[in-house]
Amino acid sequence: MKILLVFDFDNTIIDDNSDTWIIQCAPEKKLPIELQDSYKKGFWTEFMGRVFKYLGDEGVREDEMKRTMISIPFTRGMVELLNFIRKNKDKFDCIIISDSNSVFIDWVLEATSFHDVFDKVFTNPAAFNSSGHLTVENYHAHSCNRCPQNLCKNVVLVEFVGKQLKQGVNYTHIVYIGDGGNDVCPVTFLKKNDVAMPRKGYTLQKTLSRMSQNLEPMESSVVSWSSGIEIISHLQFLIKE
């Protein structure tokens, strides 16, 4: 019997948003106004495709993007948390479900040697094309009207847990660690033994506290955090149960 840990990436593992951080590579570290204005709600991945094309057209190459990406700081206590999970890997399965992209997440995990902590990464597939431009695609198509077009994290989580169950892996607890509005949907999937861990002061925490004030039922317990050290304490408590 294991505990499943589900991580968001931006503003959770790393202490910023990888998609906005990469804009440091742009001339004068900003995007042209018409490109900024081209974003439509729910279509972030398409917008980032245009951003990557612009960076490529401006001569920004892979090595410069990589250097910029691996300079993003980790969130406080996250290195300690990931080391703790690694030491106790027999008790945890660990996945990332993120609206970033596969290239950025690979770079960061590789640079920090944390690849082995995660069993799977679910994110928008990205690759460099023959012109040296980074391209990104939607992770999947789905019919959830609460989530952006490219990714419903709830669908991913339900499918993963279902597949694991078929292989005889049943989780005693699911612990969901995230920060954003797109983490609300998967958190509603959690059951009474599970734990939603929203980052203090971010959208997920604010939304969950508004839901509890409106008496919208949540089956899981909610434990807020501002450092990975607090998450370690809660995981130690769950292991001892």
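Glycine residues also receive a Cβ, built from the backbone N, Cα and C atoms like all the rest.
As recorded in TrEMBL:
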type: ACT_SITE; residues: ASP8; note: active site, nucleophile
type: ACT_SITE; residues: ASP10; note: active site, proton donor
type: BINDING; residues: ASP8, ASP10, ASP179; note: Mg(2+) binding site
type: BINDING; residues: ASP19, ASP99; note: substrate binding site
Recorded positions near ASP19 (substrate binding site) (Cα-Cα within 10 Å), from ASP8, ASP10, ASP179: ASP10
Candidates ASP8, ASP10, ASP19, ASP179: member of the recorded positions with the richest Cβ shell (10 Å): ASP8
Extra residues within 8 Å (Cβ to Cβ centroid of ASP8, ASP10, ASP179), Mg(2+): PHE9, ASN11, THR12, ILE13, ASN17, SER98, GLY178, GLY180, ASP183, ARG199, TYR202
